[in-house]
Amino acid sequence: MKLRSSGYNRGLSRHMGECRGQHYHNISEEESTRFKNVQKVSIVPLVFLIFYEVSGGPFGIEDSVQAAGPLLAIAGFLIFPIIWSIPEALITAELGTMFPENSGYVVWVSSALGPFWGFQQGWMKWLSGVIDNALYPVLFLDYLKSGIPALGGGLPRTVAVLILTVGLTYTNYRGLTIVGWVAVFLGVFSILPFIVMGLVAIPRLDVSQWLVVDFSNVDWSLYLNTLFWNLNYWDNISTLAGEVHNPKKTLPKALLYALILVVVGYLFPLFTGTGAIPLDRELWVDGYFSDIAKMLGGIWLRWWLQGASALSNMGMFIAEMSSDSYQLLGMAERGMLPEFFGKRSQYGTPLIGILFSASGVLLLSWMSFQEIVAAENFLYCFGMILEFIAFIRLRMKYPTAPRPYRIPLDTLGCILMLIPPTILIIVVLAFASFKIMVVSLFAMLIGFILHPFLNYIERNQWLRFSMISDPSDFQGADHEDAHSLIS
């Protein structure tokens, strides 16, 4: 990786992330030669990293029952993965193996739509991820405050958020392999109490309760936001592709296994809770599964499940921070951000990216749960629209480019596959409150200003930017030499 010196030829300069080379240049391979001692992530930790990027367990899905009743809640977690999760996971598998590097969805959009929109994708996705991550320290303390009332507010809570954020940030600093195996441990610990609860509930199951529905009493906004929040972010793992062992084979398999784990992990507790306990929709709020555990198994099962809930938030935090920080590193490697964002620690982790992501979490931790979910959903929707357009554009523009994993549909079939999730995005955006719209659009405006501002800094040589081979320009590549495009 070459760096611009203060005396570089202005005639050779280019806008950040612009595509000009004839072949795709794999940044992850170049970086691996510089950090030979950094262990790559294998498939088992990768599955649980995806699990925590997307889900983290059924904690938080209780609102779907309160909003729409058992039948619609169960149907939602059956149908929504088909409409949304599977298409998003398939796109991630195809493009993540086509561009196996840490900039992930940023390089997808840059290659298809140009550097400006690639930067906007990176800005919206990073901000959405940081907003999402601000939720987890707060939720962790919410689970503990029943036993430690002092954590309910004031200075003790603020100090606890700070200590928790610093501690989890340090885990990310020590290396992605450590983060991956911590995610495996936390995932197993979080899933086990629901398996026990389901087994205990078998004698009390009443199948007819699964079919209860009242279409005249449905909170569609809460229902859709709950489904969307619990089943998105499949593409986040793409920003870790450069740290994965043999991503061209490992990534598609890990996405498949994680998809099964996530969907089963939602449906099993829903069938248990709605079938074994008399229905009272008003009681189905965040944390109600712990009450169900007490009713079915006793206080010991409740404490186990509450502990699993708290630790699950830790797992989601470290997985989300990993994606956010490696995304900034990948953007720096592509010349979209100043070179110092590409600085790695002695453990091979993105030092500056981790610090920036942690700072964003602390600044946003004052937001309420509902505001966090709505704001991140709004920004995430715009990012996904760009991803869908980029995916189709790459299919049409570079049909013969090598794709180690290719969705078994032609371009028209892919367009048809993306119609339902696009409609869903429009519906989610339409349900956003005016306040969330204004705040989110203002955040997007900052991205529109930030890109030309960084270009100005680059032209005036105020900061150093990486100058590397551009991500992709597949023009001129025919079917015969397509195998040489990724090297």
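Backbone N, Cα and C atoms are what each Cβ position is placed from, and that goes for glycine too.
Residues or ranges marked as transmembrane segment in TrEMBL: 41-61 (among others). Away from its own ends, the transmembrane segment (41-61) comes close to residues 73, 77, 85, 139, 176-177, 179-181, 183-184, 186-187, 190-191, 194, 226, 229-234, 236-237, 240, 243-245, 250-251, 253-255, 257-258, 261-262, 265-266, 268-270, 286-287, 289, 308-309, 312-313, 315-316, 318-320, 322-323 of its chain (Cβ-Cβ under 8 Å, at least six residues beyond either end).
As annotated by TrEMBL, transmembrane segment applies to 67-91 (among others).
What TrEMBL lists as transmembrane segment is 103-120 (among others).
Within its own chain, the transmembrane segment (155-173) is flanked in space by residues 137-138, 140-141, 179, 182, 314, 317-318, 321-322, 325, 345, 347, 349, 351, 354-355, 358, 361-362, 365, which lie at least six positions past its ends and keep a Cβ under 8 Å from the stretch. The transmembrane segment annotation in TrEMBL covers 155-173 (among others).
Taken from TrEMBL, the feature transmembrane segment applies to 179-202 (among others). Counting only same-chain residues 6+ beyond the ends of the transmembrane segment (179-202), those with a CB under 8 A from a CB of the stretch are 41-42, 44-46, 48-49, 51-52, 56-59, 171-172, 265, 268-269, 271-272, 275-276, 289, 292-293, 296-297, 301, 304-305, 307-309, 311-312, 314-315, 318-319, 322.
Same-chain residues lying 6+ beyond the ends of the transmembrane segment (255-279) with a Cβ under 8 Å from its Cβ atoms: 43, 47-48, 50-51, 54-55, 57-58, 61, 64-65, 69-70, 73-74, 77-78, 81, 85-86, 89, 92-93, 191, 194-195, 197-198, 201, 204-207, 209-210, 212, 230-231, 234, 237, 288-289, 292, 295-296. As annotated by TrEMBL, transmembrane segment applies to 255-279 (among others).
Beyond its flanks by at least six residues, the transmembrane segment (347-366) meets 35, 37-38, 126-127, 129-131, 133-134, 137-138, 161-162, 165-166, 169, 172-176, 321, 324-329, 340-341, 372 of its own chain at Cβ-Cβ distances under 8 Å. What TrEMBL records for 347-366 (among others) is transmembrane segment.
Annotated transmembrane segment per TrEMBL: 372-392 (among others), in sequence order.
Taken from TrEMBL, the feature transmembrane segment covers 412-432 (among others). Below 8 angstroms of C-beta separation, residues 83-84, 87-88, 90, 220-221, 224-225, 228, 374, 377-378, 381, 384-385, 388, 391-392, 395, 440 of the same chain, each at least six residues beyond the ends of the transmembrane segment (412-432), sit close to that stretch.
The feature transmembrane segment is assigned by TrEMBL to 438-457 (among others). Proximity of distant same-chain residues to the transmembrane segment (438-457), defined by a Cβ-Cβ separation under 8 Å and at least 6 residues beyond the stretch ends, is recorded for 15-16, 115-116, 119-120, 123-124, 127, 336-338, 375, 378-379, 382, 432, 463.
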